[in-house]
């Protein structure tokens, strides 16, 4: 009798699981495991990227300097035809005023490899001097393929690595459908696709290396993580947005081990070794190294360009920073503001390092850099968005709202690039995927939401009540829609030619600031949930 009762219980459980599968439209995708579902979503994500690549790119048919597309092509031309010692040096064969290389050496090496690819099929596209402003259908196709291949070789594998590690840690992934939804949120990030495959850049390389470094940290491979993050930093210096989080977490772990000095030394040697390998051609002389460094910090461009939704640009409506202060003073102001705002997040990880806290630290420090650092672009919002997509299951409401305003903040840039159609299509796709039935478990099965704001203190609840209040969301959503229509159909007054950009900037900035407070509060609340045992134990 007892055995029959147990059999009935097992049958009931199986029936319940099967019922859940029937109600779950993601189930067909994930029933065979993570890798097959990842392959299906990846193929779809690649098709989306190809479709976006059919649209115009930055600076298309707009001489004399064109845009970012021409900058990337020109770097291939320079690296392919000149020796490494001349890549960052102004000369008669390398006019740095015309899209001179201003990214670290790893970007230069990547440009060389892609230049070899272009030369194989279209030599005219990378010919020295004569290829300036080169535009052809074959050239565009080859350039687009270089970005796609970068996605396939670096970004996609890094995402798979992260998802496998993240799922093994059980950060709220209750079902396989959650895994599929999470993969889709990362691979179908509309902002990254629009910038890399529409506007034209290679952010997928530095962000892919960063994701791989994050996954290595979460899987306790700190030395591997150090190498990967150094590679990301050597591809794009904007990866420094994540540096305080990596530093705080790894230092915090080292201090909790039996021999902290040895652990710090090992990490330091990995960092020095990686930089030495990447910078080797420029370590032969002091002048060569300084020539590269001088190109990585374009202070002469001013504290901001265009209309970016950060503190300096937004507050310039009232305070004319560029007129009142010298570049040197603004450098000091921005450095101080950036360090002060990212310090709490870094200190929290030094005092109480944790895997989830590390992800929030990445989000918080990148927002600090975006809001307060020197020479920020609209495209830099991709950096805070990266850790947010990695935390999509924890912050399911936040990713919807912040992605909306991240896209909105880049709308004037994408409008100039004639990417409005791609912008609308990708936004619609993002909404469809986000609201897919049985995405995050909390939305589908009536379980507690993954944001888990109920456990936080009043400060977090207050910010949440403002940010996610239906009236506030409805009002801001309506304002965004109206501004989109106005921007597309009307001209600003002659006296205020950038009025629409300024209004967009103000709205987006207000949301970015609110979320910065919100995420910092959530990170600090994590240490409240650590048990005394977690605080006292030594990491092995």
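Keep in mind that glycine also has a Cβ here, set from the backbone N, Cα and C atoms.
Below 8 angstroms of C-beta separation, residues 34-35, 38, 42, 45-46, 49-50, 53, 110, 114, 117-118, 173, 179, 182-183, 186-187, 196-197, 200-202, 204-205, 207-209, 211-212, 214-215, 218-219, 390 of the same chain, each at least six residues beyond the ends of the transmembrane segment (145-167), sit close to that stretch. Marked as transmembrane segment by TrEMBL: 145-167 (among others).
The feature transmembrane segment is assigned by TrEMBL to 179-195 (among others).
TrEMBL lists 202-218 (among others) with the feature transmembrane segment. Within the chain, the transmembrane segment (202-218) has long-range Cβ neighbours (under 8 A, six or more residues past its boundaries) at 72, 107, 110, 146-147, 150-151, 154-159, 161-162, 164-166, 169, 192, 195-196, 224-226, 228-229, 231-232, 235-236, 238-239, 242, 246, 249-250, 355, 358-359, 362, 379, 382-383, 386-387, 390.
The transmembrane segment feature in TrEMBL is assigned to 267-283 (among others).
Residues 244-245, 247-249, 251-252, 255, 303, 311-312, 325, 357-358, 360-361, 364-365, 368-369, 371-374, 516, 520, 523-524, 526-527 of the same chain, all 6+ positions outside the transmembrane segment (333-351), place their C-beta atoms under 8 angstroms from a C-beta of that stretch. Annotated transmembrane segment per TrEMBL: 333-351 (among others), in sequence order.
Sequence-distant contacts of the transmembrane segment (357-377) (same chain, at least 6 residues past either end, Cβ-Cβ under 8 Å): 214, 217-218, 238, 240-246, 248-249, 298-299, 301-306, 308, 310-313, 330-331, 334-335, 337-338, 341-342, 344-346, 348-349, 383-384, 386-388, 390-391, 394, 509, 512-513, 515-516, 519-520, 522-523, 526-527. What TrEMBL lists as transmembrane segment is 357-377 (among others).
Taken from TrEMBL, the feature transmembrane segment applies to 420-439 (among others).
What TrEMBL lists as transmembrane segment is 460-486 (among others).
Annotation source TrEMBL lists transmembrane segment at 498-519 (among others). For the transmembrane segment (498-519), the list of distant contacts is 306-311, 313-314, 317, 341, 360, 363-364, 367-368, 370-371, 384, 398, 401-402, 405-406, 408-409, 411-412, 460, 463-464, 466-467, 476, 479-480, 483, 486-487, 492: same-chain residues at least six beyond its ends, Cβ to Cβ under 8 Å.
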Intrachain neighbours beyond the transmembrane segment (267-283), with Cβ under 8 angstroms and 6 or more residues off its ends: 84-85, 88, 104-106, 222-223, 226-227, 230-231, 234, 250, 254, 289, 291-292
